[in-house]
Amino acid sequence: MELIELREDRARFLLKGVKPAFANAIRRACLSEVPSLAIDEISIYDNTSVLFDEQLSLRLGLVPIKADDLSLFSVPEECECGGAGCPACQVGMTLTAEGPCTVHSGDIRFADPGVKVAFEKIPIAILGEGEKLMLEGIVTLNRGTLHAKWQSGTHCGYKNLPDIQIADHCEGCGKCVEVCPRKILVIGEAGGKLEVTDPTNCSLCKLCVNECDVGAIKVVPIEDVFVMKIDTAGSMTAKDLVAGAAAEVKRRASQLSEQLSELA
Ligand code: SF4
Ligand code: SF4
Ligand SMILES: [Zn+2]
């Protein structure tokens, strides 16, 4: 693994020496198998807004929620309480507002001070004069495989790293530079030779290859090196998401290995 970029909400890295199935397993685990928090059940006591209760519930369910220490929480089915409900698998929330105002995600209150919304300014509802909202609910930890509201990753993808080969007979005409949509080809100042600035940003579109009249450039995907790009929904850092995905793939591989050894 070689890090290209690490932000709070995004990780880009090279994954080397693996098959596409492994890169895809990491991608899928980032998307939907690393557990995160989401509002799961809602009791609405008052809703005189223009939104139906169902619309309101859907919006609240999709608000990304983070915790100071996510390891303190368990998926209800895997909790010691057996899913009956305890502080390890349930956190209470309330939302009360009266118009005129715009109700934002930041107006949600949680019973656990270590739990908070990932973004304060997600609009939930616009309340007119005298319109009210009063509701309470339960936040639980679960996986995106059960419902999209628990997805920890948003845009998670991969592509092969290209080997961009420039032959000696390249004339440095710059025609490929003009057509490259990622602007990663340049004619170097010293000697006027064609150079590649950032092969990890190449989309493998091969427009440069088609544009070259003398066949001086080749773009060849490296079969066992992948450029991974992982964006989080905000409920955890990109670093925690990738580490969680790797742990999840490892857990599943161990499970499969155990099951196979029982069959043998
Ligand atoms: S690779 Fe082809 S199109 Fe690009 S600068 Fe060289 S000769 Fe020109
Ligand atoms: S394959 Fe496409 S993105 Fe990559 S260098 Fe060529 S033109 Fe640019
Ligand atoms: Zn519990």
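In case you wondered, yes, glycine gets a Cβ from its N, Cα and C as well.
Keep in mind it's a predicted model, so treat the numbers as computed, not measured.
The following features are taken from TrEMBL:
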type	residues	note
DOMAIN	160-190	domain '4Fe-4S ferredoxin-type'
DOMAIN	192-222	domain '4Fe-4S ferredoxin-type'
BINDING	Cys202, Cys205, Cys208	[3Fe-4S] cluster binding site
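TrEMBL feature annotations superimposed on the structure.
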{"residue": "Cys202", "record": "[3Fe-4S] cluster binding site", "CB count, 10 Å": "24"}
{"residue": "Cys205", "record": "[3Fe-4S] cluster binding site", "CB count, 10 Å": "13"}
{"residue": "Cys208", "record": "[3Fe-4S] cluster binding site", "CB count, 10 Å": "26"}
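Taking H, G and I as helix, E and B as strand and the rest as coil, DSSP gives the domain '4Fe-4S ferredoxin-type' (160-190) the counts 5 helix, 10 strand, 16 coil. When Cβ-Cβ distances below 8 Å are used as the criterion, the domain '4Fe-4S ferredoxin-type' (160-190) is approached by residues 14, 196-205, 207-209, 211-223, 225-227 of the same chain, each at least six residues removed from its ends. Taking the centre of the Cβ atoms of Cys202, Cys205, Cys208 as the [3Fe-4S] cluster site, the nearby residues of that chain (Cβ within 8 Å, site residues left out) are Pro162, Ile164, Cys180, Pro181, Arg182, Ile184, Ser203, Leu204, Lys206, Leu207, Val209, Val219.
Distant neighbours of the domain '4Fe-4S ferredoxin-type' (192-222): 4, 12, 14, 159-167, 169-172, 174-182, 184-186; these residues of the same chain sit at least 6 beyond its ends, with a Cβ under 8 Å from one of its Cβ atoms. Counting residues per DSSP class in helix, strand and coil order gives 8 helix, 9 strand, 14 coil for the domain '4Fe-4S ferredoxin-type' (192-222). Mean pLDDT of the predicted structure over the domain '4Fe-4S ferredoxin-type' (192-222): 95.
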